[in-house]
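Below you'll find the structure, written out as structure tokens, and then a few comments.
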């Protein structure tokens, strides 16, 4: 697949601007108010469900710039598969955001989540009997060492302040680490389920999948209704933020949350579009650069502690992930 800079400019911009802005808004929320994980997850699901609902409507052109809805796209993937997907996806999403409430700083959070290839290889080997090359094993080893270094460097004994102005508690940190680990393995399971599903029902079902995997879990948030209500009240009482262009003043936490869910959607859509327009190598490069920039922003702009050992782990994880994708593999010409 030939890289076309012009056609790829929009999705690359969506990824760079959307994803990096998403990290900034998440940092602002964390710094302003702790334990917002469930509320963030709920609104992320709600907004994506609403937008993807309209993406699945069939529209008919009725003249000029006007269209009218004529129905809803027929679902092709069985509901029983979606029920399995949403149980896994809901758990992963909640745990990843909830871990930030357990003394897991955002730079470490991003490094750890970038190591999902470890769980993918383990799950693929144990349950799907997949085979991996020597180069992939070396790449996996680099990522594993990087994560071990990052975890040790981020442990409570190594620094008392982790960007939150308080002494870290070992037990709390371990709980957060366990959440991230479980979420990482479940995310790999979800990826393999989706891969198997798309192989059967077609790889063009991503719009359908996005809608059902976000709308069906919404009732599950009733489990957290008290927590959601309490944090909505906290958001209502947050300091007012003056918006530009005379748009008025609104509670700052609501503004940050709104920007967070919108930029996350832009980021995800950018990845989907880029995947369809470019090669795996280009996608891997763009996503890796985006993650690295997000870490730089988190460290420099928000003054999050980042010792030299974490830089070493970052390089090991990103280089290992890049090599694992086998970017230099030559495609056979038929």
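Numbers run from 1 along the shown chain.
Quick reminder: no glycine exception, Cβ is built from N, Cα and C everywhere.
Worth saying up front: this structure is predicted, and the values here are computed from it rather than measured.
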When TrEMBL is consulted, the range among 37-57, 205-225 described as transmembrane segment turns out to be 37-57
TrEMBL feature transmembrane segment, matched against 134-152, 153-171, maps to 134-152
Listed stretches 37-57, 77-98, 172-193, 253-274, 308-325 vs the transmembrane segment (281-302), most Cβ pairs under 8 Å: range 308-325
Quick tally over 6-30, 110-128, 134-152, 253-274 of CB pairs under 8 Å to the transmembrane segment (308-325) gives the top stretch as 134-152
Requested in this report: Could you tell me whether the transmembrane segment (253-274) and the transmembrane segment (37-57) have 3+ CB pairs under 8 A, leaving out pairs under 6 positions apart?
Outcome: yes
Note: vs the transmembrane segment (6-30), the recorded stretch with the largest number of Cβ pairs under 8 Å from 110-128, 172-193, 253-274 is 253-274
